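For 20-299, the entry in Swiss-Prot reads domain 'Protein kinase', with the evidence type sequence analysis. Summarising the annotation, Swiss-Prot assigns ATP binding site to VAL26, GLY27, LEU28, GLY29, ALA30, PHE31, GLY32, LEU33, VAL34, LYS49. Annotated active site, proton acceptor per Swiss-Prot: ASP141, in sequence order. The phosphothreonine annotation in Swiss-Prot covers THR171 and is backed by similarity to another entry. Taken from Swiss-Prot, the feature phosphotyrosine covers TYR173, and the record attributes it to similarity to another entry.
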Amino acid sequence: MAEFLRSQILGTTFETTNRYSDLQPVGLGAFGLVCSAYDMITRQPVAIKKMMKPFSNATLAKRTYREVKLLKHLRHENLIGLSDIFISPLEDVYLVTDLLGTDLNRLLTSKPLDGKFVQYFTYQLLRGLKYIHSAGVIHRDLKPSNILINENCDLKICDFGLARLQEPQMTGYVSTRYYRAPEIMLTWQKYGMQVDIWSAGCIVAEMLRGKPLFPGKDHINQFFLITDALGNPPDEVIERICTKTTLDLVKSLPKRQPAPWATLFPDSDENAIDLLGEMLIFDPDKRISAAKALEHPYLSVYHDPTDEPVAEQMFDWSFSEVAHSIDEWKIMIYTEVVDFHDIGPTEEPVITEPFLSPDPSLSPEVLDPLGQIQTQSMVTKSAETLDQDILQYLQI
């Protein structure tokens, strides 16, 4: 039986197995505390997320179960990978995943991104989205802080706590405002995978501009900023996606003409602007899919249809159709933990040798106590494809 060690991290009790050492706080959110740690079996740095009060009510228990199931099911190079999961003596749930040096939000606030970075990050983001959507999953909370990046320019999408099945009726409060699709603001219940494409488009635009494209102060201001760029939504679109209340409001707005994309991104690649124009469209049915976006000329240098996999199976959402008690959710989570350890992660752990640190301003929390980089190369073709000036930019 595993031995557990107890630590106090930011006033929170952290109970981890003796497999992990050198815990350091990385981030604290509403639903979990994340620490970096050192895995003494694989000799790799990892991230350990403690799910906050997972069994305090049925809603949090369901959310915990959903995230565990999703991380077990979704296995892709551009998604955060689950390497371990355990339940502590205090009955807290801990998820152990890859640890990458920084996230896109931190990167965007540290220095402007060169166009080659924007192109490669866009490719990986859409490559990951293609896989997620092929599993019948909508992320629903894509934003720069949920996009992790390491010193090799490898990108992984994380935080599936809000992910959902695509279905006709869906709850509305999802995604950070700046990256929220207009159909979510206008209808609050009817939307699909296209909301992720909108969010991804906002992220690409932010990489190109160096600042958010639609930094709304509230929902109304957010929608006005969108219409400043795209013009008023067509009547047939708002009649399809709006509720009666929002329909009257949108139709009463002053008429605005769309702004030429080139004026919003004067120094950007024409192909990048063209792709943005296909991602940021009011009508969700006309938005480009992730799979089609990968075929766009802007991404032709990286596009490889033989290396852009889809999920082998659709994700099983049947658990969401039943109202379980807290004890039932607890048993289901325990079962998933046992199943994970019976099967194990799909990939063998990779042991790497220490190498030089990247620019500290890029990855301020990237080093473990031994001076090793807390990442490993993910997409092997990145080292082959990125040219030398990109590597020098990251000081690798």
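Just so you know, glycine gets a Cβ as well, placed from its N, Cα and C.
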**Report entry** DSSP-derived structure type at the residue listed as 'active site, proton acceptor', helix or strand or else coil
**Finding:** coil
Query raised in the report: When the number of other CB atoms within 10 A of each residue's CB is tallied over all shown chains, which of the binding-site residues VAL26, LEU28, VAL34 has the maximum?
Result: VAL34
Requested in this report: Would you count the other C-beta atoms found within 10 angstroms of the C-beta of GLY32 (ATP binding site) for me?
Outcome: 23
**Report entry** Protein Cβ atoms within 10 Å of ASP141 (active site, proton acceptor), excluding its own
**Finding:** 22
Query raised in the report: Can you tell me how far the Cα of VAL26 (ATP binding site) sits from the Cα of the residue listed as 'active site, proton acceptor', in Å?
Result: 20
Requested in this report: Work out how many Å separate ASP141 (active site, proton acceptor) and VAL34 (ATP binding site) at their Cα atoms, rounded off.
Outcome: 18
